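Below: the structure, in structure tokens.
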Amino acid sequence: MQSNISLASQIGDYKFDNLLLNAAGIRCATTEELDKILDSDAGGCVTKSATPEPRKGNESPRMKATSMGCINSMGLPNHGLDYYLKFAEANQGKNGKQVILSIAGLSIDQNIEMLKKIQASSFAGLTELNLSCPNIAGKSQVGYDFEAVRDVLTSAFSFFKKPLGLKLPPYFDFNQFDGIAEVLNDFPVTYINVINSIGNGLVVDPETESVVIKPKGGFGGLGGDYVKPTALANVRALRQRLRPEISIIGTGGIKSGKDVFEHVLCGANLVQIGTAFGFDGTPIFERISKELTAIMEKKGYKTLDEFRGKLKTIE
Ligand code: RRO
């Protein structure tokens, strides 16, 4: 049946035929994996966060699936910026799909170095600056230090003229929602992406009486069912505080069309799927598109705009 329901969305000037994307880090580290995403029903792809040089990442085991999601401490294994930038230059806009180039330097200097390279390149798509990797021993998440966020954005926007998004950690207190929004509203940020994994959780195996991943004594980032309410809260709270020109990508706990519907109700323009994409692979984009379309059909919505951000509160 030909549906007249549209899952199209937009971020800045960038149009997506489908609001579903992969989340950075999951099945997106090689050009083969990225090609597969671009060949699927997803609206585009996001590359594994890149560092200036290739990295092997942390020691294994570094990721463990659980009944509620997963814990990871990958430690930024990636092929280096040049590899992903080349892919992004070659594929951005192909077949109407967007490539989002994710970068995660280990210092402000590394982030600035990478942004300079992207500025000088022919890549004309969206860049996502990851300020929230929880898994590098000895490095805290920049997104929790609002003055450091201000410093990196001040340096970045002094020369970076292409559209820039930010991947942020989950915030848990209204002071944090207010504090980060105050900083972001001072800069021409194109979008934010909330949330990265909930950092430094601990999964325990009572059988073996052990942690389940090796790096950092077993502490790692949580994804999946554990994080959905926190993700929805971050999308909602930041939508209520950011300038309307700053779009929001909702990431966290999405494994069904219902989950996407909830993220859009909270204000998400696009959504990204991490843990569940890791479990299911690219068929998840078609399944979730069908599930969301069925929900919209039942409710009489033809476009995402009709319900985006319209979450009701109880009087
Ligand atoms: O590679 C990782 O350990 C990792 C990164 Br860069 C990130 O942003 N979020 C995460 O859960 N893992």
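Heads up, the Cβ atoms here are built off N, Cα and C, so glycines get one too.
Some features that TrEMBL has for this protein:
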- CYS133: active site, nucleophile (ACT_SITE)
- LYS48, SER49, ASN130, LYS167, ILE195, GLY224, GLY252, GLY253, GLY274, THR275: FMN binding site (BINDING)
- LYS48, ASN72, SER73, MET74, GLY75, LEU76, ASN130, ASN196, SER197: substrate binding site (BINDING)
- 7-296: domain 'Dihydroorotate dehydrogenase catalytic' (DOMAIN)
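Structural mapping of features recorded in TrEMBL.
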| residue | record | Cβ within 10 Å |
| --- | --- | --- |
| LYS48 | FMN binding site | 23 |
| SER73 | substrate binding site | 28 |
| GLY75 | substrate binding site | 19 |
| ASN130 | FMN binding site | 25 |
| CYS133 | active site, nucleophile | 26 |
| ILE195 | FMN binding site | 28 |
| SER197 | substrate binding site | 30 |
| GLY252 | FMN binding site | 34 |
| GLY274 | FMN binding site | 28 |
Secondary structure at GLY252 (FMN binding site), reduced by DSSP to three states: coil
Separation of alpha carbons, GLY75 (substrate binding site) and ILE195 (FMN binding site) (Å): 18
Recorded positions close to ligand 1 - of LYS48, GLY75, ASN130, CYS133, only those whose C-beta is under 6 Å away: GLY75, ASN130, CYS133
Within 10 angstroms of GLY252 (FMN binding site), Cα basis - recorded positions out of SER73, GLY75, CYS133, SER197: SER197
Arithmetic mean of per-residue pLDDT over the domain 'Dihydroorotate dehydrogenase catalytic' (7-296): 98
For SER73 (substrate binding site), the one of LYS48, ASN130, CYS133, GLY274 that lies nearest, given that the recorded positions are compared by Cα: CYS133
Proximal residue to GLY274 (FMN binding site) among recorded positions GLY75, CYS133, SER197 (C-alpha distance): SER197
Distance [Cα-Cα, Å, rounded] between GLY75 (substrate binding site) and CYS133 (active site, nucleophile): 8
Nearest-integer angstrom distance between the alpha carbons (Cα) of SER197 (substrate binding site) and CYS133 (active site, nucleophile): 8
